[in-house]
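Q: Below you'll find the structure I mean.
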Amino acid sequence: MRAGRVRPLRASDMKKDVRILLVGEPRVGKTSLIMSLVSEEFPEEVPPRAEEITIPADVTPERVPTHIVDYSEAEQSDEQLHQEISQANVICIVYAVNNKHSIDKVTSRWIPLINERTDKDSRLPLILVGNKSDLVEYSSMETILPIMNQYTEIETCVECSAKNLKNISELFYYAQKAVLHPTGPLYCPEEKEMKPACIKALTRIFKISDQDNDGTLNDAELNFFQRICFNTPLAPQALEDVKNVVRKHLSDGVADSGLTLRGFLFLHTLFIQRGRHETTWTVLRRFGYDDDLDLTPEYLFPLLKIPPDCTTELNHHAYLFLQSTFDKHDLDRDCALSPDELKDLFQVFPYIPWGPDVNNTVCTNESGWITYQGFLSQWTLTTYLDVQRCLEYLGYLGYSILTEQESQASAITVTRDKKIDLQKKQTQRNVFRCNVIGVKGCGKTGVLQSLLGRNLMRQKKIRDDHKSYYAINTVYVYGQEKYLLLHDISESEFLTEAEIVCDVVCLVYDVTNPKSFEYCARIFKQHFMDSRIPCLIVAAKSDLHEVKQEHSVSPTDFCRKHKMPPPQAFTCNTADAPSKDIFVKLTTMAMYPHVTQADLKSSTFWLRASFGATVFAVVGFAMYRALLKQR
């Protein structure tokens with residue numbers, strides 16, 4: 001895989017700023033706490049309310065601007081208080097440790113008031129602040145702990161003294177931390193265990209990081225994980241120390257010197273229990289999660305500009321990544337993914353993205369399992385037809401993390417405008433779309449399935465509800481490997497704009513149906529006669545008795561009149577895989593739309609293209625077998 005720079009935490013990974021509101025009964029020391037923080041000394045004269053204070057990002061531990069807001073019952077109305085509550089990211093409820101009345105008001109007034117004014121679905125963290133600890137020789141924690149256990153929104157409790165400057169900076173650090181690294185989404189204090197959503201997210205992270213898919217993180221994988229998350233590797237002794245901590249508490253936390261999933265989850269539970277939530281949050285955010293433990297839109301759908309008349313393809317680095325992904329899950333090394341292997345691959349997805357139609361869109365083995373070539377073909381198809389979905393899928397697989405790229409947009413090549421290709425009479429594209437047009441029952445499905453090497457016998461086994469309107473496979477033209485994407489266009493009187501857009505058209509008629517060719521001729525005249533899109537007419541079911549077509553001109557004369565190659569005889573009723581000649585011709589026409597019709601009619605032109613395909617198919621098979629031996 002390509003090495004690159006580590007992606008820093010993006011602005012979207014954490015809140016852009018933190019707004020802290022201090023509330024509590026009069027004279028508990030709210031204003032004094034703020035002024036002591038700012039001036040680093042206890043104020044002799046304290047105003048009724050401190051002005052809003054902004055602490056710049058460069059002086060806070062988390063490098064996030066922080067706004068501290070004071071509340072004064074004497075100066076502000078209930079409406080203003082409600083507005084401040086709605087704007088706050090975290091609220092510090094201040095009480096005086098020497099004033100039982102102010103402690104009682106925490107539960108009788110402040111927590112109910114805050115809960116009434118906040119959305120039930122959005123969790124607003126609370127910090128309980130016991131001020132004036134310099135005035136007593138005892139702690140209020142015995143009284144406060146039951147309150148903390150009752151209200152899960154309470155992140156922590158801090159006892160401090162504005163007069164002695166005790167725990168002042170810690171108080172605001174904990175408040176900031178409660179916003180940026182909240183405990184609530186991660187951990188359930190009552191159960192003393194991580195929440196299901198957190199376990200699910202960390203399990204996905206573990207599976208992505210387990211690059212050899214052996215169920216453990218070995219030293220190399222742990223070091224890579226440490227480096228991409230924290231920008232620093234772990235020393236060998238530090239790695240061993242971590243594993244020893246796990247061994248001490250879990251019998252199955254370490255296996256074969258590697259950290260198991262249970263061990264990985266235990267470590268994060270330990271971080272959270274010891275107040276090191278930021279460690280777990282750093283990992284979660286590095287892998288694309290937001291505060292609700294959902295993958296962010298910025299992570300799944302990075303910006304990718306696609307100008308008109310341009311297409312999207314996977315680049316070389318993306319194919320290398322997908323090859324390694326396939327290898328990771330092809331446990332039996334048969335160059336195909338069984339249903340269980342495919343299910344294992346998709347465990348890092350929130351849903352199974354491929355339906356049964358995919359098995360009839362790409363190449364499969366005799367068992368109907370997607371082959372290595374079929375796997376790459378399906379990704380190629382998704383990239384071409386729906387690049388946003390491709391970005392999403394690559395995001396689930398952790399592409400940007402494992403390849404150390406800014407985002408999965410780096411996996412995509414946006415081709416140049418097709419008009420430039422026509423002007424320069426050459427193309428850099430590797431994927432070509434062919435729309436297959438004809439009346440229902442003319443043999444279009446046979447054409448699509450033949451691209452995948454399936455004869456009529458295999459096609460008859462396809463269930464109607466598993467049928468696909470697409471087929472994609474590689475085709476060699478002049479020694480170059482290209483992808484040909486066939487799209488079965490449903491029969492209709494007029495084609496839509498989307499059904500016309502393609503690189504080449506395959507007009508299919510049934511030689512046994514006298515009314516079949518008329519539709520092809522009509523569609524050609526309506527949409528393609530004056531366009532620059534090359535067309536090829538295919539005479540399907542050519543193994544059967546041919547009847548005369550009920551059209552004013554025969555298919556052969558029609559092709560001659562419109563300077564097209566002659567009709568191509570085609571059948572999928574063969575003992576072995578059907579001939580790929582028409583697919584070489586279609587791909588060649590898509591690659592060289594500027595080639596004259598005289599050249600297209602030339603047998604030597606097609607012979608050169610087909611010869612390159614044959615040679616490279618043989619070479620490709622030899623290389624494939626060599627790869628199999630290596631694996």
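In case you wondered, yes, glycine gets a Cβ from its N, Cα and C as well.
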Q: Since Swiss-Prot lists R27, G29, K30, T31, S32, N131, K132, D134, A162, K163 for GTP 1, which candidate among S72, S77, S86, S209 does it give for that site as well?
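A: Looking at S72, S77, S86, S209, the one Swiss-Prot places in the GTP 1 site next to R27, G29, K30, T31, S32, N131, K132, D134, A162, K163 is S72.
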Q: Looking at K105, K192, K418, K461, which one is marked N6-acetyllysine in Swiss-Prot?
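A: Of the listed residues, Swiss-Prot records N6-acetyllysine for K105.
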Q: Using the alpha carbons only, what distance in Å do you get between K30 (GTP 1 binding site) and D70 (Mg(2+) 1 binding site) once rounded?
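A: Their Cα atoms are separated by 7 Å.
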Q: Could you check the binding-site residues G441, G443 and say which one's CB has the most other CB atoms within 10 Å?
A: G443
Q: E221 (Ca(2+) 1 binding site) to A336 (Ca(2+) 2 binding site): how many Å between their Cα atoms?
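A: Between the alpha carbons of E221 (Ca(2+) 1 binding site) and A336 (Ca(2+) 2 binding site) there are 26 Å.
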Q: With the Ca(2+) 1 site defined by D210, D212, D214, T216, E221, which remaining residues of that chain have Cβ atoms positioned within 8 Å of the Cβ centroid?
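A: Output for this site, in sequence order: S209, Q211, N213, G215, L217, N218, G258.
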Q: Compute all pairwise C-alpha distances among R27, G29, K30, T31, S32, S72, N131, K132, D134, A162, K163, the residues listed as binding GTP 1, and give the largest one in whole angstrom.
A: 23
Q: In whole Å, how far is R27 (GTP 1 binding site) from K105 (N6-acetyllysine) when you measure between their Cα atoms?
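A: Each residue's Cα considered, K105 (N6-acetyllysine) and R27 (GTP 1 binding site) end up 13 Å apart.
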